[in-house]
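> Once you've had a glance at the structure underneath, I'll fire off some questions.
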Number of protein chains: 2
Amino acid sequence: MSQILDEVLAANAHYQASFGDKGSLAAPPARHFAILTCMDARLDPAKYAGLAEGDAHVIRNAGGRASDDAIRSLVISYKLLGTKEWFVIHHTDCGMQSFTDAILRDLLAQSLETAVVDADGWHDVGQGPGSTEANYLSFLPIKDLVSSVVEDVQRIRRHPLVPATIPVYGYIYDVKSGQLLEVPTATAAGRAAN
Amino acid sequence: MSQILDEVLAANAHYQASFGDKGSLAAPPARHFAILTCMDARLDPAKYAGLAEGDAHVIRNAGGRASDDAIRSLVISYKLLGTKEWFVIHHTDCGMQSFTDAILRDLLAQSLETAVVDADGWHDVGQGPGSTEANYLSFLPIKDLVSSVVEDVQRIRRHPLVPATIPVYGYIYDVKSGQLLEVPTATAAGRAAN
């Protein structure tokens, strides 16, 4: 068994031992909101936004992007589980700022193994074969952090399955300080405020 | 300003005040693994799996499903940020078990507002208009929890951009006890073990 698996299961046993009455929590988020943020290991949304178990939906992917799948999750969050406000939270020093689709497709075409990065950019060091499958998808890299938040908030607001009344807030999390910095978006109170 | 926004920003100020030296953490996960799990509010992966900031990637969506977007995130996690083991963790009492694509499409066609559920199932109570846009996408509902974990682990293992050497572990989190329950999958040590 892997050391990581051992450690995760040991931590889980510890968590169970102090689980208390959390088994009685209901599925709908008690505080009726959802956060869409990045998978980055440095981010702990429960800590940086003050969530206890049962409080809020947390959706995470590479970049915290408003992908079709994130919107699938948000629609379920609102339509079936009653959240009423949503946050889009990207962060400084995001790995998604370090590449383009062309760069990642090229790396994956060379090998599937982990690449290395230096001042000259990314280099593939793995043994092939790679795959050209990445040519058929976008990895949603980020060129400019503020723009990515604004675009993602707007994409969510404009989605035909998203009601106009849901406020969608845009923020950037600063990994150096832990601070949430507001990103002005045109209609922070939702499209209804237009 | 909304009460939730007030509360989140107050919690964030508290987090910043005790941020310590976390600003020096690097982007690549220190413990080289990733967890794909559900957005459900009752789940706190950092707590149930013992993660500190900087340890591991956490990807979350409705159901913890191995959607194309989750795989996008996992490929970035491995290829650019060096994770070496992945967990797929669904959970008991998942909202994704309570509907089908047909049910959710019908609800959304009636209105975009939050529906209600009772012993007879889901009922739309909102004011229209709804949208037929949902007919063009799948919400990835779950019929059987064990099958959903097995299928998602297998989908990840078989993906052409995923190296055969990555172990992918399948688990179900019990929301009543906090326990992680292993789901036997055919090749838990990765395709390389076949």
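Heads up, the Cβ atoms here are built off N, Cα and C, so glycines get one too.
Keep in mind that this is a model prediction, so the values were computed, not measured.
What TrEMBL records for this protein is below:
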type    : residues                           : note
BINDING : A:Cys38, A:Asp40, A:His91, A:Cys94 : Zn(2+) binding site
> Which secondary structure state does DSSP assign to A:His91 (Zn(2+) binding site), in the simple three-class scheme?
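Looking at the DSSP assignment, A:His91 (Zn(2+) binding site) belongs to a strand.
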> Applying a 10 Å Cβ distance cut-off over all chains shown, what neighbour count does A:Cys38 (Zn(2+) binding site) have?
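Step by step: centre on the Cβ of A:Cys38 (Zn(2+) binding site), count other Cβ atoms within 10 Å, giving 27.
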> Near chain B, which of the binding-site residues A:Cys38, A:Asp40, A:His91 can you find when the cut-off is a Cβ distance under 8 Å?
A:Asp40
> List the residues of the same chain that sit at least 6 positions away from A:Asp40 (Zn(2+) binding site) in sequence and have their Cβ under 8 Å from its Cβ, in sequence order, or write 'none'.
A:His91, A:Cys94, A:Gly95, A:Val175
> Cβ within 8 Å of the Zn(2+) site's Cβ centroid: which residues qualify beyond A:Cys38, A:Asp40, A:His91, A:Cys94?
A:Thr37, A:Met39, A:Arg42, A:Leu43, A:Gly63, A:Gly64, A:His90, A:Thr92, A:Asp93, A:Gly95, A:Met96, A:Tyr173, A:Val175
